[in-house]
């Protein structure tokens, strides 16, 4: 067994003992990061230099303390993107890619206006901009730390990153009736929910919690979408897996939407709700 293989086996055992959900995958990704190679190339590395091995062991020790893998390597994958992440910004989750797939499948004008509310790293906005290069894509975020990451990730793209609070009354009235698609992965976890250490200790609370019932940001987003969307425009909002019915009710109670649909992610859990703006009378 090579030195690297031995080190990865030891790291896997360490991470498993620490309660990491995917110890082997994390060990291999940390090894690849330390060596500066793709994970698939690890099998071709026989004898890593001592500095790389020491760096790997340092990262494993940090991961065993439940520091997020993405913070340790500095990036997170989302759809077609690799995004810069770190302390102060919510790490994009694979579950949100189900919402992305739905959004990509929508029939929109070539020059559509798309708004991503609570953009965080810019994940949804940037992925949609890549799929729809002719669209105007606006990413809205109110956290200064998250805005830094969003602007960094959006550098060199056409995505417009705006600093604004999505719960503020009369936000951006110039968009009233002009938006084709609104998407959002907002703070939605009900206060008091039990979370893994990676989330509770390292994701910003501002990006996680949506008030006592998880709906404190979702309800204003529904009202905002009703104002911004053109007739027939589409909206998709992610929610906690315990609040699907509440999110459906928020759209239904607003009275400006039809085709309100609860949707699931790839694991089969309730994940987001979609709706269509009804025509104005």
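Keep in mind that glycine also has a Cβ here, set from the backbone N, Cα and C atoms.
Record features (Swiss-Prot):
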type    : residues           : note
BINDING : 141, 185           : S-adenosyl-L-methionine binding site
BINDING : 185, 186, 187, 188 : substrate binding site
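Here the features listed in Swiss-Prot are painted onto the structure.
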residue: 141; record: S-adenosyl-L-methionine binding site; Cβ within 10 Å: 29
residue: 185; record: S-adenosyl-L-methionine binding site; Cβ within 10 Å: 26
residue: 186; record: substrate binding site; Cβ within 10 Å: 22
residue: 187; record: substrate binding site; Cβ within 10 Å: 21
residue: 188; record: substrate binding site; Cβ within 10 Å: 29
Nearest-integer angstrom distance between the alpha carbons (Cα) of residue 188 (substrate binding site) and residue 141 (S-adenosyl-L-methionine binding site):
15
Cα-Cα distance linking residue 141 (S-adenosyl-L-methionine binding site) and residue 186 (substrate binding site), given in Å to the nearest integer:
10
Starting from the substrate site formed by 185, 186, 187, 188, give every other residue of that chain whose CB sits within 8 Å of the mean position of their CB atoms, in sequence order.
118, 184, 189, 207, 210, 217, 218, 237, 238, 239
Spatial separation of residue 141 (S-adenosyl-L-methionine binding site) from residue 187 (substrate binding site) - C-alpha basis, Å:
11
